[in-house]
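Reading through the structure tokens given below for one structure.
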Amino acid sequence: MRLRNGTFLTLLLFCLCAFLSLSWYAALSGQKGDVVDVYQREFLALRDRLHAAEQESLKRSKELNLVLDEIKRAVSERQALRDGDGNRTWGRLTEDPRLKPWNGSHRHVLHLPTVFHHLPHLLAKESSLQPAVRVGQGRTGVSVVMGIPSVRREVHSYLTDTLHSLISELSPQEKEDSVIVVLIAETDSQYTSAVTENIKALFPTEIHSGLLEVISPSPHFYPDFSRLRESFGDPKERVRWRTKQNLDYCFLMMYAQSKGIYYVQLEDDIVAKPNYLSTMKNFALQQPSEDWMILEFSQLGFIGKMFKSLDLSLIVEFILMFYRDKPIDWLLDHILWVKVCNPEKDAKHCDRQKANLRIRFKPSLFQHVGTHSSLAGKIQKLKDKDFGKQALRKEHVNPPAEVSTSLKTYQHFTLEKAYLREDFFWAFTPAAGDFIRFRFFQPLRLERFFFRSGNIEHPEDKLFNTSVEVLPFDNPQSDKEALQEGRTATLRYPRSPDGYLQIGSFYKGVAEGEVDPAFGPLEALRLSIQTDSPVWVILSEIFLKKAD
């Protein structure tokens, strides 16, 4: 009985231990299961984060590839321009779909600076960088491109006189190796159309050949000038004028940069010296180093400044960064300062360094002749002292004659000197009935005549409503048949009371034509003024060609 009870107790104790062991194991197994679940969840979360990081990395890699492609494109275009491929212009910038990513707001994209960052209003219109007017043949591949900005002036425009001077001093070879680009920097379509048509009428050959081009900016190119702040003591109107002027220069440079090797900045109120183009080109080619940035052919303002076309992008970008802040001549000097001046050195050292980039040619090749500035109400009589004396008329040999006039001569500018090609004739305001007469010492036959009034420095001093008249030599001993032929011919021409026959008249300050051989020998030629003139008069060129 006692043994049976002990066996029972032993069995009971064993079962209890087994139960406790199973319970402990079960509890321990349940705890381990919870830990495994935790680790599994963490591994899954880590895997998701790694996947997201991989996707973000791929996204950024694509965006960086876009940036790299844009940089490669810019480098290739610059190299293409260097190699002579000048077909791409800044005017096509808005047409490039690859530019669109830089115009939007992307969170993780590197934003490259473009013209739109400095002129964000251009994004409002796709045509903002396209010329509103473009006349010409689009010539490229030349040595020299000349840019002339022109704006409306209240008193007098010098543009056509400037073009006459520039074109007349070019040789046939130079006309084939250059382009003159006129920027009519106005948004009034009627005004730009009128100026364009006038240029086309006066220079049809140059337009057709590709020598001369006329452009004007889009009305959407300019920003709102009413928000400009005054600076350096300049009133708002002057700040607006100089700000717009900076943008005009940029537009011209952007248009011209792909057309040639060199770009020369000019103004619309200048006169040029003979052989100016070859002189500039040779001076550039003779530079011992390519480090130069500006070659100056005039000491005044922004006249006669030559740049390498490859440098125009840098210059335009710099001007656009500060176009609202300072005038163009200051900005040009700042570009040189940034490139070569050491802030730890003195001003003299800086000037020496800048002199290596900005090289002056003497004597000056261009003279400023305008007196009425493009800034309303401003009179400026700037003259380049290094220009020297310029022969403003072509050389001719006139037949011997006695010259006389009823006009009152101004100072030493006599009619005799003009006839002998020593100077021009300048007189006070003509009145109706005044005359200029050339009486030949011996009667002679004339083949043709040419008179030009006004000159590049005083283009408004012209002859208006003035006729050209000749007096035939009536010799009773002459051949009767020839005499009869001459009398018959004279019936076709208006005759004055004193026997002079009208054979021509002045148009836009010029009178030219051929002399009818039937007149025979002539005693005299006369310029007769028919009406009162509002201005003084200059006779800058006199050419009387004898018949062979």
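Placement of Cβ uses the backbone N, Cα and C atoms for every residue, glycine included.
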Which stretch, out of 36-83, 228-275, 324-371, is listed as coiled coil by Swiss-Prot?
-> 36-83
From ASN103, ASN465, the one Swiss-Prot labels N-linked glycosylation site = ASN103
State the mean pLDDT for the topological domain 'Lumenal' (29-548).
-> 82
